[in-house]
Amino acid sequence: MFMSSDANACEIDIKPRSRVVTHGIEATTSRGMLRAVGMGDADWEKPQIGIASSWNNITPCNLSLDRLAQGAREGVHAAGGYPLQFCTISVSDGISMGHEGMHFSLVSREVITDSVETVLMAEALDGVVLLAGCDKSLPGMLMAAARLDVSAVFLYAGSIAPGYVTLKCGESKEVTIIDSFEAVGAYKAGLIDQDDLGRIERAICPGEGACGGMYTANTMASVAEALGMSLLGSASPPSADRRRDVYAHKSGEAVVELLKRGITARDILTKEAFENAIAVVMALGGSTNAVLHLLAIAHEAHVPLTIDDFNKIGNRVPHIADLKPFGRYVMNDVDRVGGIPVVINALMREGFIHGDVITVSGRTMAEEISDINPGLPDGKVIHSFSSPLHPTGGIKVLKGTLAPDGAVAKTAGFDTVVFQGPAMVFDRERAAMDALSAGNIKKGSVIVIRYEGPKGGPGMREMLAITAAIKGSGLGKDVLLLTDGRFSGGTTGLCIGHIAPEAVDLGPIAFVQDGDIIRVDIEKSSIDVLVDEKQLRARHLTPPPPRYTSGVLSKYSKLVKSASLGAIT
C-alpha cells in the first residue's frame, strides 16, 4: 500500500532531471529522438523512469526479468510516468565457478553499478525501477540507486523451485545447485558413480529463477526488503509465480509515487536501515557475501557502516531460519510460511528492527508490517526467538594476528567453537584443488588459499568448487579452509574468507608457511597464526606476478580496496 502524495506535492518537481531533454528549444533534437521510441506531446510533462534490467538467457536466474520489466513499465504508465527500458550485464556464478571466469564475478557488480549510472546520467532519467536475479546484479543495482540518489525501487527476479532426484539406490531427495558441486567431490572420492552424478545434474535446475537456498541472491533480495528498497513481501515468491507480476506493476507505481513525494534512495538508505538489513541477514543465516555488499552499498549511500557493525548486531540477534546450505529448507518454504515480513516482524517484536525507517512505499517499516500483518514464525522453517537454531547470528567477523583488518565466517556451519591445526598453504585455488584430488589433504589441517583477494586474484573468487569438493570427499568437518578470497552463499563446512589485509598487500597471510599452527576461536571472534610477528615478517616473500596486465581486471586490480571495506572501487 502506498502513502498518497502530500499536500506539498505541487512544490516538488517530478521531473528533476529529464526537463533538459523534453523542454525548450535546445531539447528539439532529443524530443525528436524520443518521439521515435513512442513519446508524444502528451508525455513531455511526465517523469521519465528507467527500467534497468539485468535480463539475459545465459542463466535461469534472470529469465523472468523481461516479463517483470513489462509489468514495471505498465505500473509506471498507470501512475503517470513514462518508462524507458534498458539492460545491463549479469554474470552467472554457477557457470563461472571453478575456472578463470570466476575472476570476473565480483567486478561485474561494479560494472553493473557504473553502467546504470552511465545510462541514468546520460539520458537524464528521473527515477528507476531496478530488476535483477543473479548474485552480483542485486548489490550492483542497489549501489547504483545509492550512488545516484534518485527515486528508485528494486525488484528481485525470484528463486527457482527445488529439483527432485531419484538415485540408483532408490533414494529420492530434494536437490539444489549446491548438491551438484558436492556430487562432483563425492564422485572424485569414489562415493558415487557417474550415473548418479548425471541424475543430480539433470535435476538441480527444473526451471527459471535464482538458486533456491539462502545463498547470495536470496540473501540480497531479503536485504533489499530489510533496507526498505523493495516492496515488502516481494523477495520470497518464486520466479514463475504470477504474484511477481503484481509486484512488478506495483514497483512501477511506487517509483512514480516516490518522485511525487520527493523521496530518493538516500532518504531510505540510512544507518538504521543498514542495521535492519544486518539483523535480517543474521537471523536468516545468510551469505557472507552480504558483508561485502552491504559495506559497498553503504559506501555509495555515504553511510558510515563498518565491518565491526556486523558483530555488534550479530552478537545480539539469534539465528532462527533453518535454511540451506546448512539447514533443511529453501526460499520457497520461506514464502509458504509468510516470507521475509515474518522475519522482520519477529525481529521488530524483539526490538532488533528500527520500525521508523522509511520504505519505498512511502510509509515506515512498522506501518507496512502492521498493514501486512504477516503473523509469527511457523517454528520449523522460521523458529521463534525462544527456540533459535543458534543464540547469535549466522555470520561473525573475526580478527587477530592472521587477519588484523578482519575475516568473515559463516558460523551457522561451525559445529566446533575452536579449531587449531597446521597450515597447508596454497597460492591460488587450483593448487588446493589438485592437492585434494591427489588425496594430499589431511584431517585436522588448515587449508590456506591466498592471492585470491580483490586485488591479488584479482576479483576475489568464490571458493565453492573447492569447499564443495572437500565436503563431497568426506572432509567437510575435519579441515578448516581460510582464504583472502570469498565463498559462495552455498558454501558449507568450516570456511573463513575475506581475510584482510590480503596477501598481495603483504597481509600476514602472505607470510604463512606449511606447518604453522593456526587457531580460530569463534566465541572470542579471533583468528591467529601462532608464530612470532617478527619471525613471520622476516620470512622471504616472492609474490606471484599479476595475472592480468590489460583489460577490465587489470583496471579493477588498480582501483579495488580491501574486502574489509567492501571491495569498493
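Placement of Cβ uses the backbone N, Cα and C atoms for every residue, glycine included.
Among the features that Swiss-Prot reports, active site, proton acceptor is placed at S488. In the three-state DSSP scheme, S488 (active site, proton acceptor) falls into the coil class. If you take the C-beta of S488 (active site, proton acceptor) and look for same-chain residues 6 or more apart in sequence within under 8 angstroms, you find D93, M97, I178, Y215, T216, S287, N289, E462, M463, L464, T467.
Over all protein chains present, the Cβ of C211 ([2Fe-2S] cluster binding site) has 30 other Cβ atoms lying within 10 Å. Marked as [2Fe-2S] cluster binding site by Swiss-Prot: C61, C134, C211.
The feature Mg(2+) binding site is assigned by Swiss-Prot to D93, D135, K136, E462, with sequence analysis given as support. Every protein chain shown contributes to the tally, and the Cβ of E462 (Mg(2+) binding site) ends up with 30 other Cβ atoms within 10 Å.
Among the features that Swiss-Prot reports, N6-carboxylysine is placed at K136. For K136 (Mg(2+) binding site), the number of other Cβ atoms no farther than 10 Å from its own Cβ, over all displayed protein chains, is 30.
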Exercise. Far apart in sequence but close in space: which same-chain residues, 6 or more away, have a Cβ under 8 Å from C61 ([2Fe-2S] cluster binding site)?
Worked result: S90, S92, G133, C134, A157, I160, G209, A210, C211, A217
Exercise. Relative to the Cβ of D135 (Mg(2+) binding site), which residues of the same chain, six or more apart in sequence, are found under 8 Å away?
Worked result: D93, S105, A210, Y215, T216, A217, M220, N289, G489
For this session: List, in sequence order, the residues of the same chain other than D93, D135, K136, E462 whose Cβ lies within 8 Å of the centroid of the Cβ atoms of the recorded Mg(2+) site.
Result: V91, S96, S105, L106, C134, T216, N289, S488, G489
Seminar exercise, completed: Those same-chain residues, other than C61, C134, C211, found with Cβ within 8 Å of the centroid of the [2Fe-2S] cluster-site Cβ atoms are T59, P60, N62, S92, D93, G94, G133, D135, A157, I160, G209, A210, A217
